[in-house]
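Q: The structure that follows is given in the form of structure tokens.
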Amino acid sequence: MGNDISSSMSSMESKLNYLFFISCAIAPLSMVGSSLTLRAIYHHDGPLTTYQRLLGGLSCCDWIMSLALAFGPLPMPSELQEYGVPGAHGTQQTCTAQGFLLHIGCGSFVYSAMLLFYFVLVIRYNVTSRFLVRRVEPVMHVLGVGFFGATAVVGLVWQIFNPSGVQCWVGAMPLGCEDDDAGIECTRGPNVKIFGQWMLVYPYIFWVSFTIVCTMVIALTVYTQYRTRFAHVFKPTSTGTTTTTPLPERSSSMYRMISFRTTPSSSVLNANNNNTTPSRGQEKLLKQAVIQSMLYGLWFLNFSIWALLSFCFHLAGTEMDSLGNHFWLTAIQLTLFPSQGIFNFVIYIRPTYLNIRRTFPTAGRWFAVKEAVWHPFASAQERNQHYSKHSSSHNQHHNSSSQQQRPVQDDPSSTLPWRSAEQVPQEQHCPVPGATTHDDNINQNNTTTIIATNHPCPVASALVLIEEEEPRAAPGDGLRLDASSSNHNASQQQKEKRRQEKESDNQQDEDGIETIA
């Protein structure tokens, strides 16, 4: 009986420590992700797009929220240790500061919803960049910063930010005074129920629902247009066969002609006439924009839906047993809630990573990751220089590792180091009657050959690396050699030209994805 009680207490303590300190491990990683996103946006050449400014606001709010969550229970008043709160070493002032920063950071929810709304305007309605910058974007930033910023000031005036769960946020002091049946007067935060419902719970539910609607609109738009397109391509006949007919004019704005410019100061999407079929490259850019929007929307729903369930329990009047039946719901919520910045950065650099992998397929994934993280907006020339440095360092490492190998033979002379023919001392060559020797002035080439000899001399019997002698051209072969050489040079020039054109196309695709998505 005593062992069961001790094991139960140990399990309870482990769950409690996990809930209180998991944010201390995840939130710093989110801060790193948001910082890298801001760094990539800051180093972008030319004026920023609406997409980048919205993502920058989202990263700033997430960084503030992650900073507050990274401290975990440390800012909570130290007297709460008597109630079983581990790690509480702060004061009421530090607790208020954590709650204030945490509430301002909730602007990331609004920015996530505005980012999805931006994709709806671009993909579904082809709204011009001029209209977005002048009419829509200012309202987005006012909502993202203004609402939770203003409500955070109200929370300071009403003394709302107090210990609440595993950190300081919306609560009242002393603990439990907000319950009507407790009969305890609240010295801090008497209006906690009004503030919590109308300035936190209901706005959170609204913005999550708005994000769900935007994600569904994008998905339905893509599904409807592709279904309409392929329904006209393969048209069944009365005989049961299928005939291919030309595609009709796209009535939806998703397949309107997109005028894309690669200059840094230009806008990305401009609505054009409906009678022009988009090119393959334009459809590719639009497809990447759809993928980016769906990734942002699905990830936001993935980490926000768990907090939404907790709020629904609260509105239904159900007590959540965080250490009992509802432990896993609370654990998933506290694990995913502070990790938004990490995945936002991964989604943001995804098009750049794919473009690098497509341009340099032999460079490896690690090279693509480093380039996408540290040089997301590098030009094609800079990217080629980075690839040359990567290849040279890789080749040097490979050569140094191969030179450390030694031939394994029974002959004791195999322990000698490998040397080129000119490095072997002349007096150690043992001429044998009938054996052929190479002239000292041989023509050097890039290829080498390993020749094993059976000379009675120990040195000659070792494996020696010698340069392969270039065959001498016979008289009259000069014209044939010059022609083959010129054909080879022309072939190399054509390959280099095709490679440069491919890099230019990939760079344009990358620039388009960066500005569209």
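Just so you know, glycine gets a Cβ as well, placed from its N, Cα and C.
Annotations for this protein, taken from TrEMBL, read as follows:
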- 386-397: compositional bias 'Basic residues' (COMPBIAS)
- 483-493: compositional bias 'Low complexity' (COMPBIAS)
- 494-505: compositional bias 'Basic and acidic residues' (COMPBIAS)
- 506-517: compositional bias 'Acidic residues' (COMPBIAS)
- 384-443: region 'Disordered' (REGION)
- 470-517: region 'Disordered' (REGION)
- 20-42: transmembrane segment (TRANSMEM)
- 54-74: transmembrane segment (TRANSMEM)
- 109-127: transmembrane segment (TRANSMEM)
- 139-161: transmembrane segment (TRANSMEM)
- 204-223: transmembrane segment (TRANSMEM)
- 294-316: transmembrane segment (TRANSMEM)
- 328-349: transmembrane segment (TRANSMEM)
Q: Looking at the stretches 54-74, 109-127, 294-316, which one shares the most CB pairs under 8 Å with the transmembrane segment (204-223)?
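A: By Cβ pairs under 8 Å, 109-127 leads among 54-74, 109-127, 294-316.
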Q: Short question: most Cβ pairs under 8 Å with the transmembrane segment (109-127), which of 20-42, 54-74, 328-349?
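A: By the under-8 Å Cβ criterion, the transmembrane segment (109-127) pairs most with 54-74.
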Q: Taking residues 6+ outside the compositional bias 'Basic residues' (386-397), which of them lie with a CB under 8 Å of any CB in it?
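A: Non-local partners: 360, 363, 367, 371, 375, 378.
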Q: Same-chain Cβ contacts of the transmembrane segment (54-74) under 8 Å, 6 or more residues past its ends?
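A: Here the qualifying positions are 20-21, 23-24, 26-28, 30-31, 34-35, 37-38, 41, 48, 85-90, 94, 98-99, 101-102, 104-108, 111-112, 114-115, 118, 137, 140-141, 144-145, 166-167, 337-338, 340-341, 344, 348.
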